[in-house]
Amino acid sequence: MACLNICKEEGSAQGKPMKKEQEVCTRDGSVDRHGDPAIRGRTGTWFAGILILVNQGLATLAFFGVGVNLVLFLTRVLGQDNADAANNVSKWTGTVYIFSLLGAFLSDSYWGRYKTCAIFQAIFVTGLASLSLTSYLFLLKPRGCGDEQTPCGSHSTYQKAFFYFSIYLVALGNGGYQPNIATFGADQFDEGDAEEGYSKIAFFSYFYLALNLGSLFSNTILGYFEDHGMWALGFWASAGSALLALVLFLVGTPRYRHFTPQGNPLCRFCQVMVAAARKWKVQRVPNQDDLFELEGSKDSSKNGERRIQHTQGFRFLDRAAIKDYTEDENDIYNPWRVCPVNQVEEVKCILRLLPIWLCTILYSVVFTQMASLFVEQGAAMKTTISKFHIPPASMSSFDILSVAAFIFIYRRVLDPFVAGIRKDPKGLTELQRMGIGLVIAIIAMVSAGVVELLRLKYAKKECPNCESASSLSIFWQIPQYVLIGASEVFMYVGQLEFFNGQAPDGLKSFGSALCMTSISLGNYVSSLLVTIVMKVSTRDKMPGWIPGNLNKGHLDRFYFLLAALTTADLIVYIICAKWYKYIKFEGNQQRNLGGESKLSNEEADLKVELEKLSDFPKRKSQHFPSVEMWRNTSKLLSNPNYHHNRLNSSLSDFSGNGFVFGPQSLLTHYYSSPQSATSDSLKLGISNHKSDGIRAFSSSSAAAPAVVDALSPLASAVQLARHYSSCYWELSKARLSMLVVATSGTGYVLGSAGSAVDLAGLGWTCAGTMMVAASANSLNQVFEKNNDAKMKRTRQRPLPSGRLTIPHALSWAVSVGVAGTAILACKANMLAAGLGASNLFLYAFVYTPLKQIHPVNTWVGAVVGAIPPLMG
Ligand SMILES: CC(C)=CCC/C(C)=C/CC/C(C)=C/COP(=O)(O)OP(=O)(O)O
């Protein structure tokens, strides 16, 4: 009601007709900083979201600026031995994750996410500043010590105490802030709105990307300085970055949306358990109507929290909601005797999440290998290219690049592709994605095992007695890093979305903390596993699988063991995922992120109508819309809720997801001007309203067969051929590709200087280059469909104009790309094919995503342009 009032004031204050409630206020119960219902246009969404993403990137940079080389600091500066240093780092890392539970608890119960983030970030900055100061003033003595050659002097107990106090402040600050910032970012998008719900899902991917980019900077640049003894610089840079992150966070204060904390969840949990146990002997579990519900102001759902639908599982807990008092006692109910259904369902939700969460721990065991055994394996390989040394730990940059590329591939290609195939805008659910993450993790472990086998083979052949060395290049590790990066995108982004979306409203931060604790437990399980493996494998005086000298061990077997364990975990996971029931809310409070439905009720109705309409192209004998279709359409259009913008945004939402429905343009056409839809244009499925007057086919190429039925066979064949050839021409940016071919051909001719030009070779090289360039351009357009739709220059391209579907364009791109590379490989040489394929990758998967992120993409574009002459 409060929301309605505010919205009324909004409308009348401007002297305009009053806007509808859902257009102005958020529908998820979020409030602004004054506690009033949040107004959609003034709060949240991407302004707040981007601030939070940048804040996360900077804070991660700061955290890893300390974490990445802490073990080196302890050995070189504080003079600890390797084992003590490793132990201290493990304790410190573990503490970060324990503090994450504390942060989640405080924010869910009392402080709310904004306050918790601000307080813990302030602690984080204080810890970093104190660490920088302590190091600079007391620990880095004599000046310049702490690199590989110069050890530092001894330190007093006070100085060491200051150091530990500082790094544990950093742990407290980061731990308490981390789970809350992810959830707080997600809070900025209203699930009740289709567009914002979609942005919320995107937010989790970008959040993970920001996290990775921040750590990339620390792993490479800060790591380099610290490794060379410039510790104070590294720590001050971290402190500065954390301070900047905090300032940016505070800058967004007026724009944030908030959710009111719901009180101590531990207490609510215990109440349900105690109340259920007290009524253990109650025979009959009543039906839902007999269960206790809070009414009026006591109902937490009036407080922004949605009521969870009653579910059938864990029925013994329903006993907690059996009323065991008479009606007149209603006002003074004892929460330790009877609990409302919503409270009981909260407990059930968490119990359902636990098996899934347990299955994710083994994935984290695989993930942690990247920071430990992968590095040791890399150190035992050939780490030089000519005179340049590649630090084995820096190979994790491939993981980070892979994360960036796969976030993009997942969001722009795979999800729309799956949605297109399933004819369902949902795409993959979080649980499915986490399953895919496990599968990729298994492949990564197999790949690491195979590389280790090869490494051992080379080591034994060339230098049987060498200490941990092999002539196999460290670049053979790239696939395992890339695969781990890909698996993270599916597993960790899926996990973030899943635990955040599936946790009850009062426990959202706890949901994010579950992800963090899974990583931390992965660390502990990993060291437990290593200990067990070493104990078993060192029996009978054997060196064991993972000895100091890896050439004497069998790291390959350890990787294969992990692959086998992850496979077993995958099987258990599938069973748990099948058993899992997504959270559902009562009435129109249905959530969008649950995977069951990403649509609000309004959109769901619209989708049903559209799905009926989408049958149109399949009914080949019907060239005119059926009476039922007309009725559905007019019902849809006469409904005032489906105002123009909403309809269009819903349509573009569906098509943005690759959801194929034929009469999209038809429907938009009807809606914008029902009278102008001539029966001819309906019959042909051709829309006449394109701005450039081009008669284009209707939005989906799936509609083409229906169109063709209306014509004579020959005319239809010609029409189809013209349609597709013009689509492929435009998709391949044929004129640009021909220019590329010209540079490649010139290179070929210049390269044949002194001898006659082999014309056949020239022809094949040009053809191959043309096809690979066409493929690169087509992929570029697939990834840029949504952006192209926004610009006048590009909105007529085949994908944004709806003349071709994404799966169709992808099939074309893959076919010409593979064929072109094969032609170059067979008819030119492997170098040309390799350059062509790499250039395709560079343009489609590096330049294109970078284009939206940073102007540095122009440099990548320059390289892309420079490679074709080299191919020639
Ligand atoms: C052999 C091989 C793979 C060659 C590739 C050559 C190639 C495609 C060069 C294009 C280079 C480039 C930076 C184009 C701009 O794309 P854009 O995305 O900025 O253009 P847009 O905005 O018009 O889509």
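Just so it is clear, glycine is given a Cβ too, placed from its N, Cα and C backbone atoms.
For 46-74, 118-139, 206-225, 231-251, 353-375, 395-414, 435-454, 558-580, 736-756, 762-783, 804-825, 831-850 (among others), the entry in TrEMBL reads transmembrane segment.
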Distal contacts, the transmembrane segment (558-580) - CB-CB under 8 A, six or more residues away:
352, 355-356, 359, 362-363, 365-366, 369, 373, 431-432, 434-435, 438-439, 441-442, 445-446, 448-449, 452, 529-530, 533, 545-546
Would you say the transmembrane segment (395-414) and the transmembrane segment (46-74) are in contact under the rule of three or more C-beta pairs closer than 8 Å, pairs 6 or more apart in sequence?
no
Stretch among 206-225, 435-454, 762-783, 831-850 sharing the most Cβ pairs under 8 Å with the transmembrane segment (353-375):
435-454
Proximity verdict for the transmembrane segment (231-251) and the transmembrane segment (118-139), three or more C-beta pairs under 8 Å:
yes
In terms of Cβ proximity under 8 Å, which residues at least six beyond the ends of the transmembrane segment (831-850) contact it?
404-405, 408-409, 765, 768-769, 772, 775-776, 779-780, 783-784, 817, 820-822, 824-825, 856-857, 860-861, 863-864, 867-868, 870-872
